[in-house]
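In case it helps, Swiss-Prot gives these features for our protein:
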ACT_SITE  His191  active site, charge relay system
ACT_SITE  Asp227  active site, charge relay system
ACT_SITE  Ser305  active site, charge relay system
DISULFID  Cys25-Cys48  disulfide bond
DISULFID  Cys29-Cys50  disulfide bond
DISULFID  Cys34-Cys51  disulfide bond
DISULFID  Cys39-Cys54  disulfide bond
DISULFID  Cys62-Cys76  disulfide bond
DISULFID  Cys70-Cys81  disulfide bond
DISULFID  Cys83-Cys101  disulfide bond
DISULFID  Cys90-Cys126  disulfide bond
DOMAIN    21-84  domain 'IGFBP N-terminal'
DOMAIN    64-128  domain 'Kazal-like'
DOMAIN    359-444  domain 'PDZ'
REGION    175-340  region 'Serine protease'
SIGNAL    1-17  signal peptide
Amino acid sequence: MQARALLLAALAALALAREPPAAPCPARCDVSRCPSPRCPGGYVPDLCNCCLVCAASEGEPCGGPLDSPCGESLECVRGLCRCRWSHAVCGTDGHTYANVCALQAASRRALQLSGTPVRQLQKGACPLGLHQLSSPRYKFNFIADVVEKIAPAVVHIELFLRHPLFGRNVPLSSGSGFIMSEAGLIITNAHVVSSNSAAPGRQQLKVQLQNGDSYEATIKDIDKKSDIATIKIHPKKKLPVLLLGHSADLRPGEFVVAIGSPFALQNTVTTGIVSTAQREGRELGLRDSDMDYIQTDAIINYGNSGGPLVNLDGEVIGINTLKVTAGISFAIPSDRITRFLTEFQDKQIKDWKKRFIGIRMRTITPSLVDELKASNPDFPEVSSGIYVQEVAPNSPSQRGGIQDGDIIVKVNGRPLVDSSELQEAVLTESPLLLEVRRGNDDLLFSIAPEVVM
């Protein structure tokens, strides 16, 4: 028995002696000699920590002396590589995967084939129809993405004449516009909101939003030579807005989208390309024009005037204005709109300096409410309005009864969303009937703005 044990030990020693020794790691790692394998399970460093070798995929053996380590998000369980997570996931390619590891394996394959990885969109199975996201219809529908982004800020505008005898609204013109501020400032063409009609009666502007809400509007500023106007509505809540881009950056051949409401068909969309961003007005027969227009083949119809012309980032680069013939339309560049708005703002600032009610104010925001409640637990529950930070001594507000800490919630019956609305009312209206929240009380004050000479 002892002899047999000695014999087995000798045979084992002989087998070990015949096994080739493990290759020593090089003193210096030469990555140029590393293989370039394609590994569905990902990569791990080799024993010398020099080259990357294939990791074991899900379901492959692991833990043995010659087995590769498990790949990303895998762990060795009872000799096999298993995923650390068992829940299904939805990928950005619209497919449902059994677990995160299956998605990562698919992402590695996609990277090798197309260079586009697959990301996790959500836990659980993909919603019905999401698998279509990888189809050409969804992949290349960039125009639909632009329209979805900008449509809520495009409005329909109608100009009526209120007949003095019959009380009926006689339509004079209609067109489009787009919202520039959350408080309801809208940009459109001057010819959409003005009329040379000699018929008696009072002209009225009506604005309809995409959600169907309608408001009366007033003209804030108008430049008939440039054919640009701003009008103002008083919404009950903050509105979606569009941002102005730089028309100077436009290139011929660039895709553009025109949107408006021709014939009262709201949010009618046409697309085209920019032919030129510098078509002189004199070339179009506009002798008094000093403006360069954007020429495009996007169709602009009657009623589309005043709507935005946007680039693929959803930025407004022009106002739809003229249609010469089929395939040739023109827009006022956004850089000219910016200049018009700057001049309007400068004029407002000058007028603001001439009329005042004597308060320092801040627009109510959730962060401001939290800040004020921290110092005053009895601060009222409000979601919008104007916080009176300070009342100037001997000012119209102080004489009228306004106090520090008051919250002005309405002016002349209109809810206040932004401080600019109160500033506009100070410039254009007198007296001002202010509805004020003071503690738990709702108070009314009549304030007459003073003019500074």
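Backbone N, Cα and C define each Cβ position, glycine as well.
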What is the interatomic distance between the Cα atoms of Cys62 (disulfide bond) and Cys29 (disulfide bond), given in whole Å?
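Cys62 (disulfide bond) to Cys29 (disulfide bond), Cα-Cα distance: 26 Å.
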Can you tell me how many other Cβ atoms are located within 10 Å of the Cβ belonging to Cys70 (disulfide bond)?
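26, counting other Cβ atoms within 10 Å of Cys70 (disulfide bond).
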Looking at the active-site residues His191, Asp227, Ser305, which has the shortest Cα distance to Cys50 (disulfide bond)?
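Result for Cys50 (disulfide bond): the nearest of the active-site residues is Ser305.
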Going by DSSP, is Cys101 (disulfide bond) sitting in a helix, a strand, or coil?
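The three-state answer is helix.
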When neighbour density is defined as the number of other C-beta atoms within 10 angstroms of a residue's C-beta, which of the disulfide-bonded residues Cys34, Cys51, Cys54, Cys76, Cys90 has the lowest density?
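So among Cys34, Cys51, Cys54, Cys76, Cys90, the disulfide-bonded residues given, the one with the fewest Cβ atoms within 10 Å is Cys34.
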I'd like to confirm something. Which of the recorded positions, Cys34, Cys54, Cys126, His191, has a Cα closest to the Cα of Cys25 (disulfide bond)?
Cys34
Summarise the domain 'PDZ' (359-444) by DSSP state, stating how many residues are helix, strand and coil.
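Summed by class, the stretch gives 25 helix, 29 strand, 32 coil.
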Suppose we draw a 10 Å sphere around the Cβ of Cys50 (disulfide bond). How many other Cβ atoms does it contain, all chains included?
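The Cβ of Cys50 (disulfide bond) has 16 Cβ neighbours within 10 Å.
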What mean pLDDT score does the domain 'IGFBP N-terminal' (21-84) have in the model?
80
Which residues of the same chain, at least 6 positions away in sequence, have a Cβ lying under 8 Å from the Cβ of Ser305 (active site, charge relay system)?
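Ser305 (active site, charge relay system) has long-range Cβ partners Gly175, Ser176, Thr188, Asn189, His191, Val192, Gly260, Asn320, Thr321.
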Report, in whole Å, the straight Cα-to-Cα distance of Cys70 (disulfide bond) from Cys39 (disulfide bond).
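Here the two Cα atoms lie 12 Å apart.
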Around the C-beta of Asp227 (active site, charge relay system), how many further C-beta atoms are within 10 angstroms, looking at every protein chain?
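The answer is 23.
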Which of Cys48, Cys83 (the disulfide-bonded residues) has the most other Cβ atoms within 10 Å?
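Comparing the disulfide-bonded residues Cys48, Cys83, the most crowded Cβ belongs to Cys83.
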Taking the Cβ of Cys101 (disulfide bond) as the centre, count every other Cβ atom within 10 Å, in any protein chain shown.
26
In the domain 'IGFBP N-terminal' (21-84), how many residues does DSSP assign to helix, to strand and to coil?
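Taking the domain 'IGFBP N-terminal' (21-84) as a whole: 3 helix, 17 strand, 44 coil.
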Starting from each candidate's C-beta and looking 10 angstroms out, tell me which of the disulfide-bonded residues Cys39, Cys62, Cys81 has the most other C-beta atoms.
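Within the set of disulfide-bonded residues, the most crowded position is Cys81.
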